[in-house]
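As recorded in Swiss-Prot:
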ACT_SITE  Asp82  active site, proton donor
BINDING   His83, His180, His208  Zn(2+) binding site
BINDING   Gly181, Gly209, Ala210, Ser211, Asn230, Val231, Ala232, Thr233  dihydroxyacetone phosphate binding site
Amino acid sequence: MYVVSTKQMLNNAQRGGYAVPAFNIHNLETMQVVVETAASMHAPVIIAGTPGTFTHAGTENLMALVSAMAKQYHHPLAIHLDHHTKFDDIAQKVRSGVRSVMIDASHLPFAQNISRVKEVVDFCHRFDVSVEAELGQLGGQEDDVQVNEADALYTNPVQAREFAEATGIDSLAVAIGTAHGMYASAPALDFSRLENIRQWVNLPLVLHGASGLSTKDIQQTIKLGICKINVATELKNAFSQALKNYLTEHPEATDPRDYLQSAKFAMRDVVSKVIADCGCEGRA
């Protein structure tokens, strides 16, 4: 069985001192590039999708594609619900075979966040599904959810321990200065806060908003306990820019099988770099 939970992936990463990249996919070509590149580098990867992606492609279609590609390449893959907020939506997708969930209730007050997350954990663990949750809020936009930078909150290390123990989550997404989207200038990550969180919480930690971070910053977060690195915008930008360039240079192009190749090549460069930055090549 090549479609797996993220729990063992992330526990292995925690023990091995590397991170597993989670790539948000948006179409068939994105998935092909992620899986083909990961298989060629023998690297564990997570196929992530926001609610918008699952609505666009269809849950059953995505599950079938991931399963087929995992078998084709004899490569373990996890399909992960990224930034899902509704219990009924999560439950339906779990019953369809999804084995990794992020319940995002980080916009709620602390006690309500715990209550919402624990409800999802109690349900998901009955199906051997791993659960990630977020404490603190990232700025930027994910799907149609916009968080102003002024409203973004960093993760409190002491609260993080209480949150982890009260909910029973399998991994914790932390807010240390990253944001969804690309950065106009290099962000100032709070490494001391991350180190403090690591001292209080013995779970695999997750970094959202990693698109555009430097190799140095990514590798420093891994040293301080990050076991999962989320990348979305960087893939979308590479795809769209390469496609625009190709169609500008070849205005006569009409066959998607031709003009999408340039976009796939551009995404392949992103995926291989992220895998290298995470230190997970050869770990699958």
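One-based numbering along the chain as shown.
Including glycine, each Cβ sits where the backbone N, Cα and C put it.
Checked against Asn230 (dihydroxyacetone phosphate binding site) by C-alpha proximity, the recorded positions Asp82, His83, His208 yield His208 as the nearest. Comparing Asp82 (active site, proton donor) with His208 (Zn(2+) binding site), their Cα atoms are 10 Å apart once rounded. Across the fold, the C-alpha of Gly209 (dihydroxyacetone phosphate binding site) and the C-alpha of His83 (Zn(2+) binding site) stand 12 Å from each other. The separation of Val231 (dihydroxyacetone phosphate binding site) from His208 (Zn(2+) binding site), Cα to Cα, is 7 Å.
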